[in-house]
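Novice: Provided herewith is a single structure, encoded as structure tokens, for subsequent inquiry.
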């Protein structure tokens, strides 16, 4: 196991083997790519120079490494500081001679002559230049060339390696794993004993420590002392970190404290424990859940004048969290503040995060209040932790209150707004997300790409297509290239508004700007088609996804396809899509099972529907209200009133969900008064927080059951709430030429409710002598199906057509130019208006009586008797009459 990776936040004395790389400038090449933490460490150590004393000074500052997940965090702050304070070495930092030599050596064949490579520059190269060469080979992991060059230098008097070069080569070899440790020893022994100082010893110790050989590292420390070479803090830190990292078996903590005691009692000031020493021990204590030892180390730090950093506090918090005693950390912070050692903000932040990981909201807020009381100003990161915690717990009022407090204490930054966008977007407060975005712009906080993606996602779920377009325009104006996620939000928003053409244009626009659609984008567009029953369009988009983009359908794709077939009355295809999903080894979730249940319920097959509902009950804790309403509608249409009332009682007595109880009471007519209706409105509003996708299915199912239960007045009130929530924006559209009602995205019962409400509005307008349009239109289908003659036989079209003509005596008909619309021409509207005027002011509320019927008693035959009488037929208008009306329309 590699002891230290480039991401390891341990002591830099693990990297003391890189010590001897002095910085040389590259005068003609462009900047080389950053090498991350390793490159930063190299540049730090370069400043040590070739001399031993300066190398030791760097080693003393470097510290030791840490182990395991917690131990690896020991030197994070120091590593970060080093990365910030240096320029990573690379192209553009070395001289022309060094660069030329690197190129020649890199192109040298295995048996090529190194001497020839150095002929032209041997008198211009210094040991510092050779160090730069080793630095480059170390970055590449090219230990073979490093070793060949070292052997050549040993044979030359003009470039004889000093201790600095020996330490470099040991470091290069030590990185390649245990197999090269013997060569590390050979290089070490090539250095005369009298020339060995802490620099070379520490480099060799680091090579063993890097390969998890802590016993050998400890033995080398003892050998070093025996040889009379005084260790430095970096030497101790390297051994200490190696021992702390040991896991099989772990080194007892008392042994680590023994090494720590040796450092403290050493008379040399260069061996004094530093911040890295304490962080290594704190990390080891955290891994072992030694809270008392962590507290002891903290007190020792403060007594020694070593100030804890962010990493120190994190380890202290981890230790007490593992011991289950986080309250003691707050007490320690208070004690520190009282003695003039107020912890920094990151310390409180770490404690707060520890509380949030276990959902301890009150304790996390208490840390904020203690922080303020101790005189440490909270940062934006402090508030972000609490904002996120409140959001995950659904405490949105708490989020708003805390954000108001934050604005008085510290200006919110981009990350804070991003947390708010995610919190409110997940919570269903889509319009609030848009308002916050405008607030962000007004306060001068610059959005980033994550900001715009979060806002677009909220607009998509909430169907806020106008706001989504504005955000997209903002991105374009600011020079930001919208990502696929941003466009997915726009496509979804347009789809929820039934703006299919615009959604398809936005979908195609993505490719033009180079943001290729993802599978989520395809699913969003297909889901938009599915809501309107445009199954042919959904099939086409999935075919394009598979053939052109190379994506295979996932579970969400199948869910959209099932819904498209159900809404388009292609019930066999819906079941086939479900079976295909199962064959593709996608596990169906609640949404999938509800889709198949919907297909069975629309088809009117009771046994299959009951079996599917039982499967749904076994899969989830409580089936959704949507599933219950589907079954209730099925029972009502088939006059299975006993089964319906049993299921309704099951909903009402459901203790796991108050919403189920409220909806059951609504259906039974128990919540009509104003006070109880507020509970209904609250339940309906909660459903809207789930987003348009869920809300459309919820309201469709609820309207359907209310209609078939004869609760027309209640259904009208529910429809009014849905419109207020922004659902079905296409429902009512009036111009001078057309009065239109669009029910193509509604269930059969929902469509009949909407038609009834619309007819009564039509009655009021005719009675009020308004200027009549050229026609009144009811849209029952959209898309490719508008061209097909089979449209008239589909459930929604058939039922709506029958209802219209039963109500208004054949005033409506299917036009030849569009099979998805049922229209009434102006001449017919005038006849209706005349009939209303000639009624002598008789008290009539409208064309349809919107009243609540008494629930039928068990055994009643309401719908099945009518079906038997009508024998399932629909009386279509006479073709000659249709042609006469068409000619009238064409003349217009």
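Heads up, the Cβ atoms here are built off N, Cα and C, so glycines get one too.
As listed in TrEMBL for this protein:
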type   : residues : note
DOMAIN : 741-830  : domain 'Smr'
REPEAT : 197-231  : repeat 'PPR'
REPEAT : 274-308  : repeat 'PPR'
REPEAT : 309-343  : repeat 'PPR'
REPEAT : 344-378  : repeat 'PPR'
REPEAT : 379-409  : repeat 'PPR'
REPEAT : 413-447  : repeat 'PPR'
REPEAT : 448-482  : repeat 'PPR'
REPEAT : 518-548  : repeat 'PPR'
REPEAT : 554-588  : repeat 'PPR'
REPEAT : 624-658  : repeat 'PPR'
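Map the listed features onto the structure and describe their local environment.
Specialist: Secondary structure by DSSP for the repeat 'PPR' (344-378): 26 helix, 0 strand, 9 coil.
If you look at the repeat 'PPR' (379-409), the same-chain residues 6 or more away from its ends with a CB under 8 A from one of its CBs are 345, 348-349, 352-353, 356, 359, 361, 364-365, 368, 371, 415-416, 419-420, 422-424, 426-427, 429.
When Cβ-Cβ distances below 8 Å are used as the criterion, the repeat 'PPR' (413-447) is approached by residues 380-381, 383-384, 387-388, 390-392, 394, 396, 399, 403, 406, 454-455, 457-459, 461-464, 467, 471, 474, 688-691 of the same chain, each at least six residues removed from its ends.
For the repeat 'PPR' (448-482), the DSSP counts in helix, strand and coil order read 27 helix, 0 strand, 8 coil.
Averaged over the repeat 'PPR' (518-548), the predicted model has a pLDDT of 95.
According to DSSP, the secondary structure content of the repeat 'PPR' (554-588) in residues is 26 helix, 0 strand, 9 coil.
With DSSP classes pooled into helix, strand and coil, the tally for the repeat 'PPR' (624-658) is 26 helix, 0 strand, 9 coil.
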Novice: Considering only Cβ pairs within less than 8 angstroms, which of the stretches 344-378, 448-482, 518-548 has the most against the repeat 'PPR' (554-588)?
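Specialist: Answer is 518-548, with the largest number of Cβ pairs below 8 Å.
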Novice: By Cβ distance under 8 Å, which residues at least 6 away from the ends of the repeat 'PPR' (518-548) in the same chain are close to it?
Specialist: 460, 484-485, 487-488, 491-492, 494-496, 498, 500, 503-504, 507, 510, 554, 556-557, 560-561, 563-570, 573, 693, 696, 744-745, 781-785
Novice: Any residues 6+ beyond the ends of the repeat 'PPR' (448-482) with a Cβ under 8 Å from its own?
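Specialist: Those are 414, 417-418, 421-422, 424-425, 428, 430-431, 433-434, 437, 440-441, 488-494, 496-497, 499, 502, 510, 513-515, 524, 691-693, 726-727, 729, in sequence order.
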Novice: Sequence-remote contacts (6 or more beyond its ends) of the repeat 'PPR' (344-378), Cβ cut-off under 8 Å?
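Specialist: For the repeat 'PPR' (344-378), the sequence-distant neighbours (Cβ-Cβ under 8 Å, at least 6 residues beyond its ends) are 308-310, 313-314, 317-318, 321, 326-327, 329-330, 333-334, 337, 385-386, 388-390, 393, 395, 406, 409-410.
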Novice: Write out how many residues of the domain 'Smr' (741-830) are helix, how many strand and how many coil, based on DSSP.
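Specialist: The composition, in the requested order, is 49 helix, 13 strand, 28 coil.
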Novice: Taking helix as H, G and I and strand as E and B in DSSP, count the residues of the repeat 'PPR' (379-409) in helix, strand and coil.
Specialist: 27 helix, 0 strand, 4 coil
